[in-house]
Amino acid sequence: MSGYPPTSQGYGYGYGGGNQPPPPQPPYSSGGNNPPYGSSTTSSPYAVPYGASKPQSSSSSAPTYGSSSYGAPPPSAPYAPSPGDYNKPPKEKPYGGGYGAPPPSGSSDYGSYGAGPRPSQPSGHGGGYGATPPHGVSDYGSYGGAPPRPASSGHGGGYGGYPPQASYGSPFASLIPSGFAPGTDPNIVACFQAADQDGSGFIDDKELQGALSSYQQRFSMRTVHLLMYLFTNSNAMKIGPKEFTALFYSLQNWRSIFERSDKDRSGRIDVNELRDALLSLGFSVSPVVLDLLVSKFDKSGGKNRAIEYDNFIECCLTVKGLTEKFKEKDTAYSGSATFNYESFMLTVLPFLIA
(Lines of atoms letter the chains of each structure in order from A and count residues from 1; the text may use other names and numbers.)
(Lines give C-alpha, C1' and ligand atoms only; values in the text may rest on other atoms or scores of the structure.)
Protein backbone atom coordinates (compact mmCIF):
# COMPACT_ATOMS: atom_id res chain seq x y z
CA MET A 1 0.00 0.00 0.00
CA SER A 2 1.52 3.33 -1.00
CA GLY A 3 -0.41 6.52 -0.67
CA TYR A 4 -3.75 7.18 0.94
CA PRO A 5 -6.78 7.39 -1.39
CA PRO A 6 -9.66 5.10 -0.32
CA THR A 7 -9.40 1.36 -0.86
CA SER A 8 -12.09 -1.25 -1.04
CA GLN A 9 -11.54 -2.56 2.47
CA GLY A 10 -9.95 -1.84 5.83
CA TYR A 11 -9.49 1.77 6.82
CA GLY A 12 -9.71 3.01 3.26
CA TYR A 13 -6.23 4.33 2.61
CA GLY A 14 -3.92 3.45 -0.24
CA TYR A 15 -3.88 5.02 -3.66
CA GLY A 16 -3.71 1.75 -5.52
CA GLY A 17 -7.30 0.74 -4.84
CA GLY A 18 -6.19 -1.71 -2.22
CA ASN A 19 -4.54 -4.03 -4.75
CA GLN A 20 -1.18 -2.41 -5.05
CA PRO A 21 1.52 -3.88 -2.78
CA PRO A 22 3.45 -1.66 -0.36
CA PRO A 23 7.00 -0.56 -1.13
CA PRO A 24 9.43 -3.49 -1.41
CA GLN A 25 11.24 -2.45 1.76
CA PRO A 26 8.77 -0.87 4.20
CA PRO A 27 10.48 1.46 6.62
CA TYR A 28 10.98 0.93 10.27
CA SER A 29 9.57 -2.57 10.49
CA SER A 30 11.00 -5.79 11.81
CA GLY A 31 11.99 -8.02 8.95
CA GLY A 32 12.99 -11.62 8.53
CA ASN A 33 14.37 -13.31 11.59
CA ASN A 34 15.69 -10.11 13.13
CA PRO A 35 14.57 -9.89 16.76
CA PRO A 36 12.97 -6.64 17.95
CA TYR A 37 15.12 -4.03 19.61
CA GLY A 38 15.01 -4.75 23.31
CA SER A 39 14.18 -8.45 22.95
CA SER A 40 16.35 -11.33 24.14
CA THR A 41 18.81 -13.05 21.82
CA THR A 42 21.04 -15.99 22.44
CA SER A 43 24.15 -14.05 21.56
CA SER A 44 23.49 -10.73 23.20
CA PRO A 45 22.47 -9.73 26.72
CA TYR A 46 20.85 -6.60 25.33
CA ALA A 47 17.51 -7.30 26.93
CA VAL A 48 15.55 -9.96 28.73
CA PRO A 49 12.47 -11.76 27.38
CA TYR A 50 9.32 -9.69 27.38
CA GLY A 51 7.97 -9.31 30.91
CA ALA A 52 10.89 -11.06 32.60
CA SER A 53 13.18 -9.37 35.08
CA LYS A 54 16.58 -8.34 33.80
CA PRO A 55 19.45 -10.52 35.04
CA GLN A 56 22.48 -9.00 36.64
CA SER A 57 25.12 -8.26 34.05
CA SER A 58 28.68 -9.32 34.67
CA SER A 59 29.95 -6.46 32.56
CA SER A 60 30.62 -3.07 34.01
CA SER A 61 31.64 -1.35 30.82
CA ALA A 62 28.76 1.15 30.96
CA PRO A 63 27.62 2.55 34.29
CA THR A 64 23.89 2.65 34.77
CA TYR A 65 21.94 5.65 35.86
CA GLY A 66 21.89 5.88 39.61
CA SER A 67 24.95 3.68 40.17
CA SER A 68 26.92 6.61 41.53
CA SER A 69 26.25 10.08 42.77
CA TYR A 70 25.24 12.67 40.18
CA GLY A 71 28.25 14.39 38.76
CA ALA A 72 30.72 11.70 39.80
CA PRO A 73 33.01 10.51 37.01
CA PRO A 74 32.32 7.05 35.57
CA PRO A 75 34.98 4.57 36.77
CA SER A 76 36.19 3.72 33.28
CA ALA A 77 35.88 7.12 31.63
CA PRO A 78 38.43 9.66 32.84
CA TYR A 79 37.42 13.16 32.10
CA ALA A 80 39.02 15.06 29.29
CA PRO A 81 39.86 18.76 29.23
CA SER A 82 37.04 21.16 28.50
CA PRO A 83 36.81 22.55 24.95
CA GLY A 84 38.79 25.65 25.81
CA ASP A 85 41.69 23.75 27.36
CA TYR A 86 42.58 21.12 24.77
CA ASN A 87 46.07 22.51 24.27
CA LYS A 88 46.81 23.00 27.97
CA PRO A 89 48.25 20.30 30.22
CA PRO A 90 45.65 19.19 32.77
CA LYS A 91 46.12 20.20 36.36
CA GLU A 92 45.86 17.73 39.18
CA LYS A 93 42.57 18.94 40.50
CA PRO A 94 39.53 16.74 41.10
CA TYR A 95 36.27 17.23 39.31
CA GLY A 96 33.86 19.22 41.44
CA GLY A 97 32.72 22.70 42.30
CA GLY A 98 29.24 24.15 42.36
CA TYR A 99 26.86 23.20 39.57
CA GLY A 100 27.13 25.80 36.86
CA ALA A 101 30.40 27.20 38.24
CA PRO A 102 33.33 27.64 35.82
CA PRO A 103 35.09 24.30 35.47
CA PRO A 104 38.67 23.88 36.68
CA SER A 105 41.43 23.13 34.23
CA GLY A 106 41.41 19.52 33.23
CA SER A 107 37.70 19.22 33.94
CA SER A 108 35.61 16.51 32.41
CA ASP A 109 34.14 16.45 28.98
CA TYR A 110 30.90 17.25 30.77
CA GLY A 111 32.54 20.66 31.15
CA SER A 112 30.52 23.69 32.11
CA TYR A 113 26.86 23.73 31.23
CA GLY A 114 26.53 24.55 27.55
CA ALA A 115 30.05 23.45 26.63
CA GLY A 116 30.37 21.51 23.41
CA PRO A 117 31.64 17.95 23.05
CA ARG A 118 35.24 17.03 22.42
CA PRO A 119 36.03 17.68 18.75
CA SER A 120 37.83 14.38 18.40
CA GLN A 121 34.98 12.35 19.92
CA PRO A 122 33.85 9.65 17.50
CA SER A 123 30.17 9.42 16.72
CA GLY A 124 29.94 5.94 18.18
CA HIS A 125 27.69 4.61 15.47
CA GLY A 126 29.90 1.69 14.60
CA GLY A 127 28.86 1.80 10.98
CA GLY A 128 25.40 3.11 11.75
CA TYR A 129 22.27 1.37 12.88
CA GLY A 130 21.45 -1.00 10.11
CA ALA A 131 25.02 -2.26 9.96
CA THR A 132 25.66 -5.69 11.44
CA PRO A 133 26.30 -5.22 15.18
CA PRO A 134 29.21 -6.92 16.97
CA HIS A 135 29.17 -10.47 18.33
CA GLY A 136 26.61 -11.66 15.83
CA VAL A 137 23.83 -9.52 17.23
CA SER A 138 21.07 -8.74 14.75
CA ASP A 139 20.34 -5.22 13.64
CA TYR A 140 17.19 -5.28 15.76
CA GLY A 141 14.90 -5.30 12.78
CA SER A 142 16.86 -2.56 11.03
CA TYR A 143 14.58 -0.09 12.73
CA GLY A 144 15.93 3.30 11.83
CA GLY A 145 18.69 1.74 9.69
CA ALA A 146 19.35 2.86 6.16
CA PRO A 147 18.42 0.36 3.40
CA PRO A 148 20.71 -0.22 0.42
CA ARG A 149 20.85 2.76 -1.87
CA PRO A 150 19.36 2.35 -5.32
CA ALA A 151 21.93 2.46 -8.07
CA SER A 152 22.56 5.77 -9.82
CA SER A 153 19.69 7.57 -8.17
CA GLY A 154 21.75 10.72 -7.83
CA HIS A 155 19.77 11.87 -4.82
CA GLY A 156 21.80 10.82 -1.83
CA GLY A 157 19.94 7.61 -1.11
CA GLY A 158 17.08 8.04 -3.54
CA TYR A 159 13.41 8.56 -3.08
CA GLY A 160 11.53 5.58 -1.83
CA GLY A 161 14.55 4.87 0.36
CA TYR A 162 14.87 6.00 3.93
CA PRO A 163 17.44 8.44 5.25
CA PRO A 164 20.37 7.00 7.20
CA GLN A 165 19.71 7.41 10.89
CA ALA A 166 22.94 9.08 11.83
CA SER A 167 23.43 11.43 14.71
CA TYR A 168 20.98 14.29 14.71
CA GLY A 169 23.87 16.73 14.92
CA SER A 170 22.89 20.34 15.35
CA PRO A 171 19.15 20.67 15.94
CA PHE A 172 19.21 23.90 13.95
CA ALA A 173 21.01 22.60 10.86
CA SER A 174 19.61 23.78 7.54
CA LEU A 175 18.18 21.36 5.01
CA ILE A 176 19.93 20.57 1.75
CA PRO A 177 17.68 21.13 -1.28
CA SER A 178 16.58 17.90 -2.91
CA GLY A 179 14.33 16.69 -5.69
CA PHE A 180 12.14 13.74 -6.51
CA ALA A 181 13.95 10.72 -7.86
CA PRO A 182 12.81 9.13 -11.11
CA GLY A 183 10.05 6.64 -10.48
CA THR A 184 8.65 8.38 -7.41
CA ASP A 185 4.95 7.73 -6.88
CA PRO A 186 3.10 10.46 -8.83
CA ASN A 187 0.62 10.85 -5.96
CA ILE A 188 3.48 11.82 -3.65
CA VAL A 189 4.83 14.34 -6.15
CA ALA A 190 1.39 15.86 -6.71
CA CYS A 191 0.70 16.06 -2.99
CA PHE A 192 3.99 17.86 -2.32
CA GLN A 193 3.63 20.27 -5.24
CA ALA A 194 0.10 21.19 -4.18
CA ALA A 195 1.38 22.06 -0.72
CA ASP A 196 4.46 23.95 -2.00
CA GLN A 197 2.47 26.90 -3.26
CA ASP A 198 5.41 29.29 -3.46
CA GLY A 199 7.55 26.81 -5.43
CA SER A 200 10.42 27.04 -2.94
CA GLY A 201 11.07 23.30 -2.92
CA PHE A 202 10.18 23.10 0.79
CA ILE A 203 6.94 23.00 2.75
CA ASP A 204 6.52 24.24 6.31
CA ASP A 205 4.62 22.68 9.19
CA LYS A 206 1.21 24.12 8.28
CA GLU A 207 1.61 23.12 4.64
CA LEU A 208 2.63 19.61 5.68
CA GLN A 209 -0.37 19.34 7.97
CA GLY A 210 -2.64 20.36 5.09
CA ALA A 211 -0.95 17.98 2.65
CA LEU A 212 -1.46 15.03 4.97
CA SER A 213 -5.04 16.06 5.68
CA SER A 214 -5.79 15.88 1.97
CA TYR A 215 -5.00 12.17 2.21
CA GLN A 216 -7.19 11.78 5.30
CA GLN A 217 -4.15 11.75 7.58
CA ARG A 218 -5.17 14.40 10.09
CA PHE A 219 -2.59 15.13 12.76
CA SER A 220 -2.14 17.71 15.48
CA MET A 221 0.58 20.30 15.03
CA ARG A 222 2.59 18.57 17.75
CA THR A 223 2.60 15.34 15.74
CA VAL A 224 3.51 17.26 12.58
CA HIS A 225 6.47 18.83 14.38
CA LEU A 226 7.67 15.43 15.57
CA LEU A 227 7.41 14.09 12.02
CA MET A 228 9.47 16.99 10.69
CA TYR A 229 12.07 16.66 13.45
CA LEU A 230 12.62 12.94 12.99
CA PHE A 231 12.67 12.97 9.20
CA THR A 232 14.90 16.03 8.82
CA ASN A 233 17.10 15.54 11.91
CA SER A 234 16.71 19.23 12.64
CA ASN A 235 14.33 21.87 13.96
CA ALA A 236 14.26 23.67 10.62
CA MET A 237 10.44 23.39 10.50
CA LYS A 238 10.46 22.71 6.79
CA ILE A 239 10.75 19.58 4.73
CA GLY A 240 11.89 18.86 1.18
CA PRO A 241 10.93 16.24 -1.42
CA LYS A 242 13.41 13.64 -0.16
CA GLU A 243 12.23 13.78 3.43
CA PHE A 244 8.58 14.06 2.40
CA THR A 245 8.77 10.85 0.39
CA ALA A 246 10.32 8.91 3.28
CA LEU A 247 7.72 10.36 5.65
CA PHE A 248 4.87 9.46 3.29
CA TYR A 249 5.93 5.82 2.98
CA SER A 250 6.52 5.52 6.71
CA LEU A 251 3.03 6.75 7.51
CA GLN A 252 1.68 4.24 5.03
CA ASN A 253 3.53 1.44 6.80
CA TRP A 254 2.48 2.58 10.27
CA ARG A 255 -1.19 2.71 9.21
CA SER A 256 -0.91 -0.83 7.91
CA ILE A 257 0.53 -1.94 11.26
CA PHE A 258 -2.23 -0.12 13.13
CA GLU A 259 -4.91 -1.83 11.04
CA ARG A 260 -3.42 -5.27 11.65
CA SER A 261 -3.08 -4.62 15.38
CA ASP A 262 -6.64 -3.31 15.72
CA LYS A 263 -8.09 -6.82 15.68
CA ASP A 264 -11.55 -5.82 16.92
CA ARG A 265 -11.79 -3.01 14.33
CA SER A 266 -12.68 -0.49 17.01
CA GLY A 267 -10.46 2.27 15.63
CA ARG A 268 -8.39 2.08 18.81
CA ILE A 269 -5.72 -0.28 20.09
CA ASP A 270 -5.37 -1.35 23.69
CA VAL A 271 -2.21 -2.14 25.62
CA ASN A 272 -1.88 -5.68 24.23
CA GLU A 273 -2.48 -4.52 20.66
CA LEU A 274 0.04 -1.72 21.16
CA ARG A 275 2.57 -4.30 22.32
CA ASP A 276 2.03 -6.25 19.08
CA ALA A 277 2.29 -3.07 16.99
CA LEU A 278 5.59 -2.06 18.59
CA LEU A 279 6.94 -5.57 18.10
CA SER A 280 6.07 -5.22 14.40
CA LEU A 281 8.15 -2.05 14.38
CA GLY A 282 11.06 -3.84 16.04
CA PHE A 283 10.66 -2.87 19.70
CA SER A 284 10.04 -5.00 22.75
CA VAL A 285 9.11 -2.70 25.61
CA SER A 286 8.28 -3.65 29.17
CA PRO A 287 4.73 -3.76 30.57
CA VAL A 288 5.48 -0.68 32.68
CA VAL A 289 6.46 1.32 29.58
CA LEU A 290 3.43 0.04 27.67
CA ASP A 291 1.08 1.18 30.44
CA LEU A 292 2.76 4.58 30.50
CA LEU A 293 2.45 4.98 26.72
CA VAL A 294 -1.24 4.06 26.72
CA SER A 295 -1.93 6.45 29.60
CA LYS A 296 -0.04 9.25 27.85
CA PHE A 297 -1.63 8.89 24.41
CA ASP A 298 -5.19 7.93 25.40
CA LYS A 299 -7.40 10.89 24.41
CA SER A 300 -9.84 10.05 27.21
CA GLY A 301 -7.15 10.63 29.81
CA GLY A 302 -6.72 6.96 30.54
CA LYS A 303 -10.40 6.00 30.82
CA ASN A 304 -10.53 3.98 27.60
CA ARG A 305 -7.07 2.47 28.07
CA ALA A 306 -6.67 2.60 24.29
CA ILE A 307 -5.19 4.97 21.69
CA GLU A 308 -6.48 6.09 18.30
CA TYR A 309 -4.55 6.22 15.04
CA ASP A 310 -3.28 9.81 15.18
CA ASN A 311 -1.99 9.36 18.72
CA PHE A 312 -0.56 5.99 17.74
CA ILE A 313 1.61 7.80 15.20
CA GLU A 314 2.84 10.20 17.87
CA CYS A 315 3.53 7.24 20.16
CA CYS A 316 5.56 5.51 17.42
CA LEU A 317 7.53 8.69 16.74
CA THR A 318 8.38 9.04 20.42
CA VAL A 319 9.52 5.44 20.84
CA LYS A 320 11.42 5.53 17.55
CA GLY A 321 13.21 8.80 18.23
CA LEU A 322 14.22 8.08 21.82
CA THR A 323 15.40 4.58 20.95
CA GLU A 324 17.55 5.83 18.08
CA LYS A 325 19.16 8.43 20.32
CA PHE A 326 19.81 5.84 23.01
CA LYS A 327 21.34 3.43 20.49
CA GLU A 328 23.77 6.14 19.41
CA LYS A 329 25.27 6.01 22.90
CA ASP A 330 24.90 2.27 23.42
CA THR A 331 27.76 1.39 21.09
CA ALA A 332 28.33 -2.01 22.69
CA TYR A 333 24.65 -3.05 22.50
CA SER A 334 24.80 -3.66 26.24
CA GLY A 335 21.47 -2.11 27.16
CA SER A 336 23.20 0.73 29.01
CA ALA A 337 24.40 4.14 27.87
CA THR A 338 26.08 7.17 29.42
CA PHE A 339 24.83 10.69 28.63
CA ASN A 340 26.29 13.96 29.73
CA TYR A 341 23.86 16.64 30.85
CA GLU A 342 23.69 18.52 27.56
CA SER A 343 23.23 15.36 25.49
CA PHE A 344 20.43 14.22 27.76
CA MET A 345 18.61 17.55 27.46
CA LEU A 346 19.00 17.64 23.67
CA THR A 347 17.66 14.09 23.51
CA VAL A 348 14.55 14.60 25.60
CA LEU A 349 13.50 18.22 25.03
CA PRO A 350 12.43 17.89 21.36
CA PHE A 351 9.86 15.31 22.42
CA LEU A 352 8.57 17.48 25.26
CA ILE A 353 8.25 20.79 23.44
CA ALA A 354 7.32 19.68 19.89
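For all residues, glycine too, the Cβ spot is worked out from N, Cα and C.
Per Swiss-Prot, the features are:
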type	residues	note
BINDING	D196, D198, S200, E207	Ca(2+) 1 binding site
BINDING	D262, D264, S266, R268, E273	Ca(2+) 2 binding site
COMPBIAS	1-10	compositional bias 'Low complexity'
COMPBIAS	28-71	compositional bias 'Low complexity'
COMPBIAS	72-81	compositional bias 'Pro residues'
COMPBIAS	106-117	compositional bias 'Low complexity'
DOMAIN	183-218	domain 'EF-hand 1'
DOMAIN	249-284	domain 'EF-hand 2'
REGION	1-159	region 'Disordered'
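In the three-state DSSP reading, R268 (Ca(2+) 2 binding site) counts as strand. Within the model, the domain 'EF-hand 1' (183-218) shows a mean pLDDT value of 89, rounded to a whole number. Cα spacing between S200 (Ca(2+) 1 binding site) and E273 (Ca(2+) 2 binding site): 41 Å, rounded to the nearest whole number.
Taking the C-alpha positions, the distance from D196 (Ca(2+) 1 binding site) to R268 (Ca(2+) 2 binding site) comes to 33 Å.
If you measure from the Cα atom of E273 (Ca(2+) 2 binding site) to that of E207 (Ca(2+) 1 binding site), you get 32 Å. Helix, strand and coil counts under DSSP for the domain 'EF-hand 1' (183-218) come to 19 helix, 2 strand, 15 coil.
D262 (Ca(2+) 2 binding site) falls outside any helix or strand according to DSSP and counts as coil. Of all the binding-site residues listed here (D198, E207, D262, E273), it is D198 whose C-beta has the fewest other C-beta atoms within 10 angstroms.
Set side by side, the binding-site residues D196, D264 differ in how many other CB atoms lie within 10 angstroms of their CB, and the most is found at D196.
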